[in-house]
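In TrEMBL this protein carries:
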type     : residues : note
DOMAIN   : 142-556  : domain 'Amino acid transporter transmembrane'
TRANSMEM : 145-167  : transmembrane segment
TRANSMEM : 173-195  : transmembrane segment
TRANSMEM : 231-250  : transmembrane segment
TRANSMEM : 270-287  : transmembrane segment
TRANSMEM : 294-314  : transmembrane segment
TRANSMEM : 383-403  : transmembrane segment
TRANSMEM : 429-449  : transmembrane segment
TRANSMEM : 470-491  : transmembrane segment
TRANSMEM : 497-518  : transmembrane segment
TRANSMEM : 530-556  : transmembrane segment
């Protein structure tokens with residue numbers, strides 16, 4: 001036991017690690033290793049100052065080769081104490097251990113990782129591009145499910161719904177109701193896809209604009225090529241159509257209230273009524289961002305529900321017109337009938353527009369990984385689409401029941417009501433319906449013009465690297481409003497192209513969301529989601545091409561009353 005005494009007599013100042021102390025008794029086990037002599041090499045290691053003075057890590061000690069380890073019995077490898085010892089990691093085990101060691105030495109402690117990762121993701125999800133804070137769509141992020149319902153209702157119900165009975169005159173009862181139902185379900189499904197695609201948790205991004213998502217999915221060049229024009233038309237073109245409808249209805253309202261005994265010798269012309277409507281819309285367009293017009297959208301939604309309900313209620317109350325017929329209108333050659341049928345499908349597609357605003361509406365909501373914006377957005381969409389269904393289906397079915405094939409081919413429910421019941425219906429009721437249409441047109445102008453306002457201000461902020469001043473913002477919006485006024489006066493027959501416009505805008509609503517889902521979410525090949533989205537996407541693109549051709553044929557064949565700069 002002399003060697004033990006020598007070890008115990010070492011200076012107390014030497015740093016003796018606990019592992020050195022625990023190894024020493026192992027080599028002096030009386031039962032198995034009592035006959036093994038303590039070699040001078042072991043003693044020299046303990047007594048060498050240069051080695052002892054260095055900080056010896058457990059890995060350094062474990063790599064020292066000792067013959068006694070080889071002589072250990074196999075039962076010791078499964079011992080609780082030895083199973084944690086680095087002495088056992090030799091060969092491949094040592095290599096694996098060395099590879100994994102740097103991972104455990106990261107800046108973030110291992111016990112914080114389960115909490116730290118979601119926190120980092122949440123912070124990434126809520127970060128904002130500085131330019132987004134300057135633009136009207138993303139300037140305010142305090143929206144909620146109620147705001148989403150208001151905006152969706154205001155953009156989902158509008159003047160486009162008034163032409164649905166015209167499509168029924170060509171399709172008839174069975175095919176009209178069937179096509180309307182399919183289009184409604186199809187649109188609601190693709191709208192659900194858009195709501196889910198708004199947030200990309202992996203990249204930490206929010207696609208706050210339809211064109212932004214299209215470019216991120218299909219590439220910058222292809223996304224702009226296939227989506228820029230339809231989106232621009234659905235925004236600027238709709239604003240032009242709203243000026244035509246709103247100005248014409250304002251003139252109709254004045255004539256209704258004034259009556260045949262109007263004392264004004266020089267009433268306003270149609271162009272002047274367009275100008276009055278545009279001025280009111282431009283003044284209201286000075287509200288800064290999309291959230292600030294939530295109240296305007298609420299008023300627009302209520303008036304849309306009001307005039308839709310009033311139109312079909314009054315039409316049913318007045319009863320069917322004499323000699324009304326419900327047989328589908330069939331005229332011309334077989335080719336002409338087919339194109340008329342396709343044009344009717346385009347009219348239905350035109351009634352279901354508004355997808356170019358869904359991402360913009362959702363962008364006004366706060367979002368994090370714990371509270372994603374898709375939850376309140378989908379609640380608002382569900383509520384609004386219940387009301388949309390309660391307006392569109394009765395309007396189309398009851399309007400067709402009341403007027404049948406007598407409804408004007410290039411008209412609407414409003415035109416038919418004033419044409420057939422101008423003397424039967426109370427003047428106050430007609431005036432109330434006209435007021436609802438005007439207010440809804442002014443309100444819808446704001447939400448459909450917001451993407452164009454956003455685009456103009458985006459061009460300025462990109463160059464100047466600062467927010468757009470209020471006076472320049474006012475100029476931009478006034479310029480946009482009066483450019484739309486000029487187009488409305490120059491081309492007042494835009495309503496005759498409803499079928500053609502519906503075919504052009506159809507992919508935005510029915511096709512592109514399906515392809516975006518396939519590209520971003522990557523569902524399993526040949527799964528139900530894969531088949532459904534491929535089928536609907538290809539069907540939507542095929543219908544779009546056919547409807548555009550049909551719309552052009554109908555316009556050329558039937559003719560359009562061209563009246564540039566001469567609105568009636």
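Placed from the backbone N, Cα and C atoms, the Cβ positions cover glycine too.
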Within the same chain, where does the transmembrane segment (294-314) have neighbours whose Cβ lies under 8 angstroms from its own Cβ atoms, ignoring anything closer than 6 residues to its ends? I mean 6 or more beyond.
143, 146-147, 149-151, 153-155, 157-158, 161-162, 284, 287, 384, 387, 391-392, 394-395, 398-399, 402, 413-414, 417, 421, 425, 429, 432-433, 435-437, 439-440, 442-444, 446-447
In the same chain, which residue numbers or ranges, 6 or more beyond the ends of the transmembrane segment (470-491), come under 8 angstroms Cβ to Cβ?
236, 239-241, 243-244, 247, 271, 274-275, 278, 281-282, 285-286, 288, 449, 452-453, 456-457, 460, 564-565, 567
Cβ pairs under 8 Å only, please: of the recorded stretches 145-167, 383-403, 497-518, which one is richest in them relative to the transmembrane segment (530-556)?
497-518
Have the transmembrane segment (497-518) and the transmembrane segment (231-250) got at least three CB pairs under 8 Å, pairs 6 or more apart in sequence?
yes
Maximum Cβ pairs under 8 Å to the transmembrane segment (383-403) - stretch from the list 145-167, 173-195, 231-250, 270-287, 429-449:
145-167
Considering only the recorded stretches 173-195, 231-250, 270-287, 429-449, state which has the highest number of Cβ pairs under 8 Å to the transmembrane segment (145-167).
429-449
